[in-house]
Amino acid sequence: MADDDPFGTGQMFHLNTALTHSIFNAELYSTDIPLSTADGPYLQILEQPKQRGFRFRYVCEGPSHGGLPGASSEKNKKSYPQVKICNYVGPAKVIVQLVTNGKNIHLHAHSLVGKHCEDGICTVTAGPKDMVVGFANLGILHVTKKKVFETLEARMTEACIRGYNPGLLVHSDLAYLQAEGGGDRQLTDREKEIIRQAALQQTKEMDLSVVRLMFTAFLPDSTGSFTRRLEPVVSDAIYDSKAPNASNLKIVRMDRTAGCVTGGEEIYLLCDKVQKDDIQIRFYEEEENGGVWEGFGDFSPTDVHRQFAIVFKTPKYKDVNITKPASVFVQLRRKSDLETSEPKPFLYYPEIKDKEEVQRKRQKLMPNFSDSFGGGSGAGAGGGGMFGSGGGGGGSTGSPGPGYGFPHYGFPAYGGIAFHPGATKSNTGITHGTINTKFKNEPRDCAKSDDREILNPPEKETQGEGPSLFMASTKTEAIAPASTMEDKEEDVGFQDNLFLEKALQLAKRHANALFDYAVTGDVKMLLAVQRHLTAVQDENGDSVLHLAIIHLHAQLVRDLLEVTSGSISDDIINMRNDLYQTPLHLAVITKQEDVVEDLLRVGADLSLLDRWGNSVLHLAAKEGHDKILGVLLKNSKAALLINHPNGEGLNAIHIAVMSNSLSCLQLLVAAGAEVNAQEQKSGRTALHLAVEYDNISLAGCLLLEGDALVDSTTYDGTTPLHIAAGRGSTRLAALLKAAGADPLVENFEPLYDLDDSWEKAGEDEGVVPGTTPLDMAANWQVFDILNGKPYEPVFTSDDILPQGDIKQLTEDTRLQLCKLLEIPDPDKNWATLAQKLGLGILNNAFRLSPAPSKTLMDNYEVSGGTIKELVEALRQMGYTEAIEVIQAAFRTPETTASSPVTTAQAHLLPLSSSSTRQHIDELRDNDSVCDSGVETSFRKLSFSESLTGDGPLLSLNKMPHNYGQDGPIEGKI
């Protein structure tokens, strides 16, 4: 506020020497102070006051219990502040005044009380022999905020009358008063005005929680009066023990001590008492070259709970491409004095870029064609052939080949049929060959399928022909008795023949499928005979349908869905892998819109959630896949899922805002998502999140299209305007104020602690008001906006609106055109034209105007619209009558000579009787990469000229609010 300094020039009093220096530029000590030589007398502080642990007391609390202790004071050894006049022996007078702790010291409004104290000043005599002066019973009286200006003005007046450092502590132009000594004198009107202005200015900046002691010694002159002033000395700062910024900073607990290098992860931190607008969370790392990296946690005053808990988001690490964890430190830091807490360790770990493990699965070794064949001879061919691991027709010594192990079907004498390797070259999925094992996730209706006669042995005895594929162990034959051996040989022979017949039937079935494929070229001929194997899962729990989607084989997905349609389809299309991902989840994650449509067509279930509780709507909104989200929202089951929270308590609309996806947000709003739904952690709505992320595009979309409740509250009563004010966002504060936000709504956070209340007398004890957006205003611009001052942004050359030729249309032509656009036909009215002209996002605002078509034309003119584009839009609508009206205007000379109507002449009905549109057309987010229609559409609003005129003003709010500020602003926000 230095620009408002009334002492910046001498014009106020029309004197050449008056007020030539600002009080902000006053030096700590005046250059005309005498007796400031190395050999002469000087004042020295022997014992500094104790900086922390002493409480400032209010008048109603009575005197302090014990005086201000010295810095070295201990429980059993008390000490107090002391000064000494050096190089001098004789009578002297020492005064003590309270001064501020800023760079430039000024008188403080608090008062010293105790023995030898009067009017807030302590006066003690020294000498004639002992030149050490102690102050054993000093107390500090805390003035209330309401009386700061009054007390400070009286204190400055007293200092000027007595000559107690007025040039140093009041204003440099009053330095000459010290020469008059301590005698009473009358102040001139000019001097009184200087004092009043100085008191007013210093009141705004005064910190009531900290003071310093200024010691000044006066030596007697030739007349015996104490007028010879020694150079004053100033003590260390003394902090009120009840003030938040007086306590020692300390981190008590954090719920996390590690986070990703990309930052943005939420952490809950418990601490000793802090001041919500004077605290930072600092991350730092000391580098080997001596440098220091630092980053600061992201939070606003609304994220500080009762001065003891902070919820913040971690900063991004200096290098997001690290390959191993990096150790840093985190600490609390006070903004005002840069005091820090003891640092705590924090670990940054590398970014997990493949949280869904899609890339990992894609990078696995792809199967080679040669891997499907063994190295031996015959049908078995060494481990990869049709009949398992045998090396040739009768081989029995080969080891099991790779691929899926097929169950034995109750034949213990034979190894499982080893199929060729799958896409992952794994042996998992169907359980490996063990006695009487079953399929993993085997379909319940598999026995009813066409393969039942192959998979189940017949009741009748089957005689096998040809040699047995497997032989009994010779070791067993040697040990068993002869009769037992014969019986066993018969059983084995029976089982050999039975198994061989079934294996040959299976081979014939696959051979026929291969012939059919050769004739038709349709891969579904091969897939059909293996359709029951689609339920097999690999070591990650993925089925063939999961893998086909992961590897982007869209046509294969369609083929699999076709051959498995029917009784086993539901089990396959909704099967989850080990990450609880269904094929539909993976199709959304891999951005395959066509596959999503195919899965939905065959009945994929939208309601299934992944391991984090995310539905497919959450996943699409998180990745910003608006096309896929649109496909999902068309499903009949989407309406039941659209407001479902995930494991973090976030709805899809919350995630769309957090992902900065305007298109997804618009789709969700249009589909009926609950705009005012609260996330389940703290009760924030989508509008709270948009303000928290400083995203005016999304905030405008929620207000204009979603009709969001502008004064919606969190669990602690915080509104979006609280957040905007606390973060100092002028644009969002102006937008919310224009939408009708109430700057006087109190949240549940006490404005102050009852013990620290500014004034107990005259107030109802125990009743503490909540905090309003006005109380939280981080700067004067936000404060003024909340008090009704119009928002005035600084425009750059890029902000200049384009110029069109719509103004060439005469008033009569525009009125005729507007009349044609007011017809109820949905294909030819103003709403359809707005969509064609790119202004459809403002249709909700247009409807609130008494003449929507006229408002539309005014907006189109402001946006730089052209007649050519207007005619083309009308042509697309097939509105020949409207086109003829425009063409006729240019055929009539009299009409073209008419003066065009201006936007300021247009009659616009206000949406609210008091709150203005507040330059919504100026609220462009120059840093945004997407356009909500709020950046460009707010530019296109024709409200800007009406804002500067005398006509009615447009606003977004529905409830009238009128707030103002009477008188000058005093005090610090």
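Quick reminder: no glycine exception, Cβ is built from N, Cα and C everywhere.
Feature annotations, courtesy of Swiss-Prot:
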- Cys60: S-(15-deoxy-Delta12,14-prostaglandin J2-9-yl)cysteine (LIPID)
- 434-467: region 'Disordered' (REGION)
- 648-682: region 'Essential for interaction with HIF1AN' (REGION)
- 648-677: repeat 'ANK 4' (REPEAT)
- 716-745: repeat 'ANK 6' (REPEAT)
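Summarising model confidence by region, the repeat 'ANK 4' (648-677) averages a pLDDT of 95. With a cut-off of 8 Å between Cβ atoms, the residues of this chain six or more beyond the repeat 'ANK 4' (648-677) that come close are 612-613, 615, 617-618, 620-626, 629-630, 633, 638-639, 642, 684-687, 689-690, 693, 695, 697-698, 701-702, 705-709, 712, 930-932. DSSP labels the residues of the repeat 'ANK 6' (716-745) in these numbers: 17 helix, 0 strand, 13 coil.
Note: the region 'Essential for interaction with HIF1AN' (648-682) comprises 16 helix, 0 strand, 19 coil (DSSP; helix = H, G, I, strand = E, B). Cβ neighbour count for Cys60 (S-(15-deoxy-Delta12,14-prostaglandin J2-9-yl)cysteine): 10 (other Cβ atoms within 10 Å of its Cβ, all protein chains included).
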